[in-house]
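One structure below.
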Amino acid sequence: MCVKLAGNLFKTSDFIQCRKVILAVSGGSDSLALLFLVKDHLKTFSIPTEIIVVTVDHQLRRESACEAESVAEICRAHHIQHVIVRWEGKKPKTHIISSARTVRYNLLFKEAQKQGATLIMTGHTLNDQVETYQMRCQRLQKSADVLQREAFEDMRDGVCSTETRANIAEKSYGLMYERGLSCIPREALLNQTVRLIRPLLGVKRKTLRAYLRLKGKTWIDDPTNENPNFERVRVRQSLHPKKFAGIAQKVHEATLQRRKQAQNVANLILALDVSVEHGRCFIAKPVSFLQQHSGFPFVVGLFAVLMGGGFYLLPTKKLNTLVSKLCLHSLEKRRFTLAGSVIESNRSGLAFWRESRNIKEGAVEPGKTFLWDGRYQITNRGDETIKVGAAGLQQLKSLFKNNNFDLENAHFPSLQSLLMISNDKGYDIPELTNHTTSQQSIIIKRIMAPFDWLLSCEDVPFVNVLEPFFDIKVER
């Protein structure tokens with residue numbers, strides 16, 4: 001039997017400047033096929049790339065430890081380095097699939113850092129892609145029904161003109177719709193450091209299994225993959241193989257559209273007059289054709305999420321809420337909250353800052369790194385624990401007075417969202433001062449949470465444009 005695998009499974013760029021590659025192998029057919037395909041491919045290299053197989057034992061089933069050991073035996077037989085990493089501790093009672101995914105990638109990343117590897121590969125297949133598309137289609141259809149109903153109610157209540165509301169909503173919804181249906185990206189960047197590549201996304205699972213049979217290899221079947229309690233399993237069981245080619249084409253088209261839209265969003269941000277300083281973002285009132293740009297609500301939503309410390313971009317329903325508020329052509333100052341941000345619109349433009357609710361305090365122990373409020377990453381290189389929280393009004397006023405800052409024109413609501421660090425020796429608001437009263441050795445970095453952990457290659461165009469606005473790093 002001849003098993004034809006796509007000739008372009010691996011790109012030349014996949015292994016550029018890569019001396020070590022982490023392969024995530026569970027023992028299932030997909031990841032096992034990945035192992036042998038990569039192994040054979042690397043034989044063609046003049047300078048060999050080292051394979052390190054990592055098996056994540058989620059410790060969710062009794063069989064998982066034995067399964068990890070079976071992968072270890074395979075690797076020993078082929079003289080390949082193998083590492084088992086485990087999900088330790090108490091497991092969540094809900095959202096177990098998404099939690100396991102996050103933990104899995106974090107464990108793979110830590111091992112990559114430990115091994116000095118710059119690339120991780122996983123065995124996601126066309127089946128995974130098709131299932132993801134079907135799941136998102138079903139969810140988006142529900143969102144579309146809600147969108148149409150709310151649009152009708154808004155027009156009935158006279159919130160804004162039928163033409164304006166329908167036009168903006170249709171364009172904006174289309175933007176989010178296409179983003180979701182591009183599904184699993186072939187390449188992403190994990191923690192801004194390690195490349196994550198899924199080279200088998202265009203290959204059917206049955207093709208990979210036929211490949212393994214030809215090589216005389218057996219694999220492990222995870223019983224979880226047949227459990228209808230999980231949404232993905234239900235979708236998998238309802239999908240007919242004849243639909244795969246059509247859905248794969250739709251995913252490809254959606255991916256191309258998402259890339260085009262990402263570039264359009266990047267161009268729009270560059271065309272707008274945007275500034276971010278001292279906890280406040282301001283977009284000067286754009287000319288009318290930019291306001292009518294299909295990506296404008298998406299851009300406003302982007303800055304709202306980034307200023308508010310959110311970890312996810314706005315879902316369709318919230319984007320629709322934003323659209324309805326942005327289309328109110330009022331000359332009066334208006335203010336509303338969204339995604340953890342206060343958004344204020346007036347004649348001069350739009351201003352954003354972190355709303356004061358749910359900003360918690362924290363402590364960073366010596367040698368530790370702490371993510372505060374989804375906006376700041378603090379590394380404590382000193383020998384004392386430091387406290388982190390929002391800047392206090394009294395501390396701000398004292399700082400302004402002692403440093404001859406302009407108190408009269410200060411925007412205290414946004415200034416009070418800035419990071420303040422403190423200990424027994426004093427306090428410091430790093431973005432406002434060039435010295436540290438608390439005498440701590442620290443590194444502070446402003447992050448963009450939706451893209452900091454896992455950045456899809458499809459979003460790179462507009463993320464590159466956003467980065468300079470949030471390029472805040474303090475090292476003392």
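Glycine is no exception: its Cβ is also placed from the backbone N, Cα and C atoms.
Here Swiss-Prot flags Ser26, Gly27, Gly28, Ser29, Asp30, Ser31 as ATP binding site, drawing on sequence analysis. Long-range C-beta contacts of Gly27 (ATP binding site), restricted to its own chain and to partners at least six residues apart, with a cutoff below 8 Å, comprise Thr55, Glu67, Ala68, Ser70, Val71, Ile74, Trp219, Ile220. In three-state terms derived from DSSP, Gly27 (ATP binding site) belongs to neither a helical nor a strand segment and is classed as coil.
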Give the sequence-ordered set of same-chain residues, not counting Ser26, Gly27, Gly28, Ser29, Asp30, Ser31, with Cβ within 8 Å of the centre of the Cβ atoms defining the ATP site. Val25, Leu32, Ala33, Gly123, Trp219, Ile220, Asp222
Give me the non-local Cβ neighbours of Gly28 (ATP binding site): same chain, 6+ apart in sequence, Cβ-Cβ under 8 Å, ordered along the sequence. Gly123, Trp219, Ile220, Asp221, Asp222
Neighbourhood of Asp30 (ATP binding site), C-beta criterion under 8 angstroms, separation at least six: Gly123, His124, Thr125, Asp128, Leu200, Arg205, Leu208
